[in-house]
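The domain 'PH' annotation in TrEMBL covers 260-358. As annotated by TrEMBL, region 'Disordered' applies to 380-417, 446-471, 655-691. Annotation source TrEMBL lists compositional bias 'Low complexity' at 407-417. Positions annotated as domain 'PID' by TrEMBL: 483-619. Taken from TrEMBL, the feature coiled coil covers 609-647. Residues or ranges marked as compositional bias 'Polar residues' in TrEMBL: 655-674. Look at TrEMBL and you will find 681-691 tagged as compositional bias 'Basic and acidic residues'.
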Amino acid sequence: MTRSLLGVFEEDAAAISRYVNQLYKAMHRIYDAQNELSAATHLTSKLLKEYEQQRFPLGGDDEVMNSTLQQFAKVIDELSSCHAVLSTQLADAMMFPITQFKERDLKEILTLKEVFQISSNDHDAAIIRYSRLSKKRENEKVKYEITEDVYTSRKKQHQTMMHYFCALNTLQYKKKIAMLEPLLGYMQAQISFFKMGSENLTEQLEDFLTNIGTSVQDVRREMDREVETMQQTIEDLEVASDPLYLPDPDTTKFPSQRNLTRKAGYLNARNKTGLVSSSWDRQFYFTQGGNLMSQARGDVAGGLVMDIDNCSVMAVDCEDRRYCFQITSFDGKKSSILQAESKKDYEEWICTINNISKQIYLSENPEEIAARVNQSALEAVTPSPSFQQRHESMRPVVQSRPPTNRTSSTGSLGSDSASLSAFSLDSLVAPDTPIQFDIISPVSEDQPGQLKTLGQSGRRTNPFGESGGVKSETEDSILHQLFIVRFLGSMEVKSDENPDVVYETMRQILAARAIHNIFRMTESHLLVTCDCLKLIDPQTQVTRLRFPLPNVALYATHQENKRLFGFVLQTSSGRPDSKPTSVCYIFESNNEGEKICDSVGLAKQIAFHAELDRRTSEKQKEIERVKEKQQKELSKQKQIEKDLEEQSRLIAASSRCSQSAGDGQFVVLSSSQSEDSDLGEDGKKKRESEA
């Protein structure tokens, strides 16, 4: 970071130098050639106008400076046609300040840069010689000379560096003075020459120049105060940093910190150049989360060296090097041998990598937990009965392999992590809940409520829906997304509403794996569709597990480690009187945890909208059936009303016949005929049928 910041300051100094050289040439033209005075003044005005387009890394947003220079450019442009040469006044008031800034201040920056580079190279050479001190053939005289050389070169580098930085900071003030003072002197010379009767030089301009002169004096006083403060700071730093110039400080005065979860510094890395030969390269190393990074000088960012989650670190005995240690990855396929500069750094690097390998950095207070873990590791060497009882009571129960009694620092981490979470998260996951670390059965055996159909168990599944003779059950799904995952474990949980249950399950499963040294993980393909989630064997394409999408109640990825994700599945035991249970499944992916969660959310959203459409369609069909039934009822009601009306007419006719029975048969027949004539053909037929 320091060298990157120094590069910005050096780039700014180079930009200032280029710009001042152009301004110096423009003013020199005014001084040299009387006939070209107007052209040189115009060029000066043009350069001042271009100050806004200059990209100074440290001074590009100075609006006051921009407006001031723009005002100067405007006035100089107005006076460019009527200026005359005042060579003596211009030499004293205009050329002297900018020449002094160019020849003295800018050259001082270049000289200090060369001295700093030489001292930095001398320090690197001294460090290399010190790193090559023989471990077997120790020579006190040679060791004293090399140590003294490191002390001298480091002190020299520090002193030259501070003076160089002070000069770079001062340059920001001198830049303003070196550009404003010549312009001020130039304008004052013009005012003295055109004092009387000048149309362009007014009292307002004189006030402006007076304000600029006052501002220059203020900047100079501020610069003097800043330089004095920086000089005092340099003296204080020289006194305080004197013990740190030694390459290997005394560990009794500067003890090692064993509770770190982050570390950065220079290390020597051994690289094999042949069967028995090797070379050492010095680079800057730092930890970032669960990764060890390295960065060469001049690089913008660091590169990954090794994943140090669940790794092992140990001190090694090299032939001619001290303070060496070896880091081995969790699968044993990659290892690196590094050398620290001092015993203090050597111990701190080993402790830091050991803390990171236990994934303590994922917790909220990593240093506090690291202190507890290290203390528990010390107690585990000579365990007390109370500690052993507490350790055994908090150990999670494992199904896939029997628990083993361990009294190492790894086992103490599991007990410490369990004690930290037991007081607040017992309502989500019980501490003694069994954990399953592997996939042991297909879906038909895990879910007794489902019926086995022909070809369902152990059936080869094409994740892209292209089946041969048998139609795939996910062929009609509009979503097919495949991810590579590794199964970490599953356990029964009490709640499926709070995302903390997924985080707590992740923590308990990772802690149990660390306690029992379980590093093997089953790799599978996770297929996400609108119907279900499937775990497919990548070699045989056999479905290992099937999770119905409606039963996925909760899903989340880890808040810090985006490779970890999990979901809670609601299952039933198959008995009608039993309550449904919730099981949380935890997986690790290749940095695609959020993508998998987004895919599951999209699948549930598509399934939800499909269910809404299905319900809407069924409701519409039900409404149509109700309407059709109502229409039939209405038609039937109309028919009944019509029949009742016919019956009422028949009753009325029969009553008229009974009243006129004494009038004879003729009257009855006449009434019947007249009634038949009123009813018509249909009425006659119905009446005959009713009779």
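Heads up, the Cβ atoms here are built off N, Cα and C, so glycines get one too.
Averaged across the domain 'PID' (483-619), pLDDT for the predicted model comes to 83.
Break the domain 'PH' (260-358) down by DSSP state and the numbers are 15 helix, 44 strand, 40 coil.
With DSSP states grouped into helix (H, G, I), strand (E, B) and coil, the domain 'PID' (483-619) comes out at 46 helix, 53 strand, 38 coil.
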